[in-house]
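Worksheet for the structure shown next.
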Amino acid sequence: MTGAVCPGSFDPVTLGHVDVFERASAQFDEVVVAILTNPAKKGMFDLDERIAMIEESTTHLSNLRVEAGQGLVVDFVRSRGMTAIVKGLRTGTDFEYELQMAQMNKHIAGVDTFFVATAPRYSFVSSSLAKEVAMLGGDVSELLPEPVNRRLREKLSGRS
């Protein structure tokens, strides 16, 4: 059985992320979406909200589960008995950064990283940009899964 980890903060998860999860799920027997937290950073959504949003957005992926973690991604990967990381790439800038991380992860832990080119329709989408546009009153419904869009609107209107 082969398994891979899709790590990130996912604050919130976007349709670009879901696209990467779908493609990873098609290639690996098991996929773990790892929400890695940084205690020094305060996100818009707490950990439980992020887990719920990803679970609600990926019900169609039976070989995917969501877990939380801290520390090095490679430690998370190895502790689950997996040997691969899957990362989506939007731009050349993403590639430059992720390539260095991939090489370090291979060096320190023997963990391989597989890059997935983001679908062109999501190449400009980021969690930060979606939040910023939504905060300014813009429509981000084509950038976020419906459960996420709903929760974001509720949070911004003070109902969450």
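Placed from the backbone N, Cα and C atoms, the Cβ positions cover glycine too.
Here Swiss-Prot flags S9, F10, H17, G88, L89, R90, E98, Y122, S123, F124, V125, S126, S127, S128 as ATP binding site, drawing on sequence analysis. According to Swiss-Prot, the feature substrate binding site maps to S9, K41, V73, K87, an assignment based on sequence analysis. Summarising the annotation, Swiss-Prot assigns site 'Transition state stabilizer' to H17 and lists sequence analysis as the type of evidence.
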Distance from K87 (substrate binding site) back to H17 (ATP binding site), taken between C-alpha atoms, in Å: 9
DSSP three-state assignment (helix, strand or coil) for L89 (ATP binding site): strand
Max CA-CA distance, Å, over listed substrate-binding residues S9, K41, V73, K87: 21
Neighbour count (Cβ, 10 Å) for S9 (ATP binding site): 17
Assigned element (helix, strand, coil) containing V125 (ATP binding site), judged by DSSP: coil
Distance, K87 (substrate binding site) to V125 (ATP binding site) (CA atoms, angstrom): 15
Residues satisfying Cβ distance under 8 Å from S123 (ATP binding site), sequence separation of at least 6: G16, R90, T91
Residue, out of the binding-site residues K41, K87, whose Cβ gathers the largest set of other Cβ atoms within 10 Å: K87
Distance, L89 (ATP binding site) to K41 (substrate binding site) (CA atoms, angstrom): 23
Nearest-integer angstrom distance between the alpha carbons (Cα) of V73 (substrate binding site) and S9 (ATP binding site): 12
E98 (ATP binding site) in three-state DSSP notation: helix
